[in-house]
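Structure, as structure tokens:
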């Protein structure tokens with residue numbers, strides 16, 4: 001792509017020193033926290049094979065850690081890019097690296113949305129709990145997530161270009177292409193998944209507050225975890241997608257108007273907002289530690305598996321199975337009473353009465 005649409009001002013993502021410095025700091029912090037954190041999650045869950053089947057939530061968290069860890073492995077490359085102000089891998093590397101970033105972004109947000117939907121079903125439809133442990137279901141869902149992410153990430157590679165052999169950034173053939181691409185990315189990678197997360201967690205919290213086992217300490221613990229996940233997701237991704245929308249609006253605005261000039265400012269701010277989105281890949285392991293911190297003294301390094309063994313899905317499913325057992329064993333208790341009636345002539349009438357009452 002030889003001719004690229006550029007907003008007024010000829011700004012690039014390396015133009016603002018403050019954005020470069022902020023981006024570098026966020027990338028370093030993300031790598032410091034996220035690489036060992038996600039590595040620990042993968043180590044803890046990959047080899048866990050409970051006899052009842054791995055909970056779907058644990059499988060989704062495992063793949064979420066894989067997606068986050070993959071993009072965090074690229075942080076040294078981006079730190080070098082921002083600090084040296086030159087892209088080191090050429091045109092092919094420019095497209096390939098940003099494709100991996102987009103793939104990880106879509107996989108992460110889709111897995112987060114699917115995880116919130118799973119938690120909602122585990123609370124509102126407890127009879128589905130055994131089915132949610134099905135390995136076949138997990139394989140189908142994960143295949144769909146990764147295939148969707150592979151397809152949705154394609155524009156990130158198509159619209160990346162190495163400018164002047166030193167800046168790897170977006171290159172659209174026209175303003176219409178820029179507006180369409182950036183708007184679609186925000187819709188599919190933020191608006192729809194974030195709306196799903198908010199809706200599912202809203203339903204889950206409403207159900208937990210009204211349920212007997214949702215009150216007290218456990219209800220507070222679940223509520224804090226839900227609030228932290230939603231807050232982190234929204235805060236860390238919102239600036240990136242705000243820049244997307246700003247540039248999309250600027251691309252369609254009159255070239256000499258104030259909105260068009262804001263597109264250049266958004267381009268210059270992209271380094272910092274992209275690095276902040278990178279930081280979202282390191283947050284989830286920290287949230288798991290805060291959620292299951294009381295399990296550390298008892299479970300040690302395997303506290304994460306203990307967390308999912310005692311998750312809401314397991315408890316609700318257990319309660320559902322216990323309720324089924326009560327219904328099945330009640331007639332047997334009546335039969336025991338009937339057996340005593342054979343030795344007692346008066347027992348037969350009571351046996352028939354009890355059976356009819358049940």
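The backbone N, Cα and C atoms fix where each Cβ goes, glycine too.
As recorded in Swiss-Prot, the features of this protein are as follows:
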type     : residues : note
COMPBIAS : 338-349  : compositional bias 'Gly residues'
CARBOHYD : 10       : N-linked glycosylation site
REGION   : 315-358  : region 'Disordered'
TOPO_DOM : 1-24     : topological domain 'Extracellular'
TOPO_DOM : 46-60    : topological domain 'Cytoplasmic'
TOPO_DOM : 82-96    : topological domain 'Extracellular'
TOPO_DOM : 118-140  : topological domain 'Cytoplasmic'
TOPO_DOM : 162-185  : topological domain 'Extracellular'
TOPO_DOM : 207-225  : topological domain 'Cytoplasmic'
TOPO_DOM : 247-275  : topological domain 'Extracellular'
TOPO_DOM : 297-358  : topological domain 'Cytoplasmic'
TRANSMEM : 25-45    : transmembrane segment
TRANSMEM : 61-81    : transmembrane segment
TRANSMEM : 97-117   : transmembrane segment
TRANSMEM : 141-161  : transmembrane segment
TRANSMEM : 186-206  : transmembrane segment
TRANSMEM : 226-246  : transmembrane segment
TRANSMEM : 276-296  : transmembrane segment
If you run through the topological domain 'Cytoplasmic' (118-140) with DSSP, how many residues end up as helix, strand and coil?
19 helix, 0 strand, 4 coil
Please compute the mean pLDDT of the model over the topological domain 'Cytoplasmic' (118-140).
79
Considering the transmembrane segment (25-45), which listed stretch of 61-81, 97-117, 226-246 counts the most C-beta pairs under 8 Å
61-81
Should anything in the same chain at least six residues away from the topological domain 'Extracellular' (82-96) have a Cβ under 8 Å from its Cβ atoms, list it; otherwise answer none.
14, 20, 23-24, 27, 157-158, 160-162, 165-168, 271
